[in-house]
Structures are given as C-alpha cells and as structure tokens.
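The structure appears below as structure tokens.
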C-alpha cells in the first residue's frame, strides 16, 4: 500500500493538533470542580465519566497523522494508570504542555535533541525533590483523605477504602464489585477463602443458610483424584475415633468415594464435607501447600512419597471453623505455626519480585493476602447502572491511589507539589543554551496542572499560580472551597508515586514527539465505488411486466 509522508514542521503541527484534541477532552475532568465527559457506546446507554484514562481510550481521530499524536498521549495516560493506577489526567495535561512548549522552541530553530536532554535533566531533579517532599501515609486518616481526593472529593469512598485497609491490612486484597443497594457496603472475609464449593448438597448441615459449617475439623489435603473408597478408609476411621468433623480437599472426589462420604455424613457416623482444590496445574499444588501451612497439615502427594492409605492424624491440618457454600470455602483460624506462615509469605513475595507477568503477580498477591491478611470486597451502591459504572471506575482509581500512597508516601495535592518541587530545585544549568531552554520549558509545563485545576474551578489561573509560588511548604489553593492554606491540613493529598509517574510518563513521550522529524501513514484509499460500471441502463427492465 502507498504511504503518505510528512516532514518537519508540517508533521509536528499535525501531531500537535491530535495531542491538543485529546488533551482538551481529558483535562476538563481535572480537579474537584472538573466536569464529566459523556462517551457514546455502540449499544445501550452512553457512559458518563470523570476518569481521564477512560476518556482517552475512547478517542480515535479520522486524520491519521493527528491520530498518531493522540495515540501517543493516550500511551502517557495508560502508562501512568498501569504504574500508579491514577494520575492519568495530570499526565495528559503535562504531556500537552511539554509538547506545545517544546514544539515552539523547535520551530524557533533550537536543536530538538538538546531540548530533550534539558527536559530529562530537569525532570530527574524534580523527581528527587518530590521524594524529599513526600511524607509517609500510614494512618487511617491520611488513607481516607487520599481516597477521597482520588474519587473526585467523594468522602464516602475515602472512608470505605480506609475501613477496608484497616480490616485486612496493607497486604490484604481489596476488590470492587457492583452491589445490590443504593449504599456502598464493605464485606470482609476473615481467614482463607477460595472459590470452590461443596461437591454434594447432601453435606449441608445449616439448611437456613444453605451452608456446611464444621467446627474444629480435621482437614485432609490430597494432591490427586479420589474415587476408590479403600484409599480413604484408614483416614476416615482415625477421624471417627477422634470424634471430630473432617474436610477433604482434593483434586476431585467422585464415584464410590463421594457416595460413601455422603452416606456416612447423613447417618451421622462422621460429620464431613468434600471440596475440590482451588486453582489448576502448578498453581493448585502451590495453593494446597498454602492451605497445609495455614492449617498445620501435610499435602498427601505421591510426588513426595506419601500415600493416602498411610495418612495419620498427624498429617491432617486443623482449623477453628470451616464454612462452605455452593461457591466458596472459608477456613477460619488455621492451626499452622505463625513462623511457617511468615516464611511462606516471604517466599511468595520473592516470587512476586521475580515475576514479569502482571497476571502472575496478581495471583501471587492474592495468595499473600489469603495467608497474611484477608479479603475485603467493596460493593458499590447506585440508583442506576450508568451511575454504578461511573462510581465503580472512581472507586477503582481511589483504591489504586491509596495503595500508591502507602507505598511511596503523600505530597501536597492540587498541583502544589510540582510547583513546590520546582521552587526547591533552584537553578539547574545545562551544557548549552538549548539544554537550558529545555529546562525552562519543563519549569513552565510543571505549572499547568495547577492552572487547569484553577481554570476548571472558574478562578483566575495566573493569580493563583503566583500566590502559590510565593508560598512555602504545603501552602496551596483549595479549588473546592476557593481558599488558600496548608494542603495537608485541608486533607488535599496526592500519592507521591502518582505525581512522579505522571511526570515521568509525560516527559518521556513528549521527548519523543519533540524529536520527531518525519511521519509515515497509509495513503487514504480512493473511493472504491468510483470505477464501477454505470447501472443506469437497468431502468428499462420496467417493461418486463408484460411477460406475466
């Protein structure tokens, strides 16, 4: 296919136009008084959002060269979102400022490579200052404030995230689901829960809740399918003599083995239940081992020379309580040694560090949570499905932001941290005037988030930036109330990681765009129908009526 190629200024101008179209749509959402954006859906009602990355993802431009610019800024938003889970709008505003300021300098005849080196030098210095500005976020109040800000000043979201983190700890897994009521709800699962239910409804002993409840049971863990009852009999007899309930977790239990367990349970000879082991393949083996460590038991596996016929009570784990419903099994208060559990958690953490797959990391993190903390589910309440989806996206953002805050601490919010870091950096000198121009344009770009927040709040941006610049420490502008003051005291915080990721992602992509000299795209195809033969002569077929 033939290609269309643009060079120099023409290429950069078309690219900048695409950047500005996308950034202008995204930046209206910034700050406490940011507006909504309505997104058309191919079917069903449109969705309404204040989430920058959701807006960016929807934008595709007709002009291929403009679209390239837009897609590169979309990459900035996605990169910030992937690394910190928030800060996408800030990253987009910064990228737009870097590109526009940079292209002005390039058009004026400056060397793009030196400009980029100046930008990189200034960004590195500002990142170091942000680290110095950050304060630890380790109490419920600051976690609540970060969650509130990230959820667009929705206090209820900040509160529920802080409660969830308090309940399950910072290692715990917090998930967000759509709820059934108008209010947000928090559901905390203590102990280890996995998504496997009872193998037969005949194990149910609490008819009201349709659950199996086992108090102080033995737990038999088997890494294979059980279909022959003779293998199970010795273990069953030992447990029956001890007079305790039994939970069997195996790859599968079927045929006469399952039938015998059901009959013994119904006759009251031994209170028992059976569930499939969670996960598949190697992950199932690892999760069985997790359960063994949590309950103080041993996985009966032929790989390590253990057979089911020779299993003794010492090989079985125990727990204070086990609840099993149709879909989930929850083990509460396993009898495993704390030192063993801590060792296992440390081992899984090392696996997380060495893993390159996001999916594997997420699954490993879930295993850590099940061993060390717990699982909390935030159920989102709303009056309509459209509101529910918008709210869920905001809560997801807020959750990522609070995790980022716990990780790297918090800095003053509302665009103040960048302005303050800028003031603290002092004078940086490049190797030549063009690098100095790159440093200067970075300093101008860093004010843009504060300007945009002020603009969205209907205030005079230049006056506010000057006032904040003249202040010290955490002094800044509260766009929600229109007042100046200490941002930390007013509860306006941003996670340092979010601000840092936004700045680095924006500078990285903008540096590439400034140094672009040519753009190549497919040539638009001519109208395919233009060369087709004229069908006008078919009109004479009207006379065919006489053939009837």
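Positions of Cβ are set from backbone N, Cα and C atoms, glycine also.
Over in Swiss-Prot, the protein carries these features:
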BINDING   29-32, 50, 86-90, 414, 478-480, 494  ATP binding site
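On the structure: features taken from Swiss-Prot.
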residue: 29; record: ATP binding site; Cβ within 10 Å: 22
residue: 31; record: ATP binding site; Cβ within 10 Å: 27
residue: 50; record: ATP binding site; Cβ within 10 Å: 21
residue: 87; record: ATP binding site; Cβ within 10 Å: 32
residue: 89; record: ATP binding site; Cβ within 10 Å: 28
residue: 414; record: ATP binding site; Cβ within 10 Å: 26
residue: 479; record: ATP binding site; Cβ within 10 Å: 26
residue: 494; record: ATP binding site; Cβ within 10 Å: 31
Secondary structure of residue 414 (ATP binding site) (DSSP, helix/strand/coil): coil
Secondary structure at residue 89 (ATP binding site), reduced by DSSP to three states: helix
Coarse DSSP state, helix versus strand versus coil, of residue 50 (ATP binding site): coil
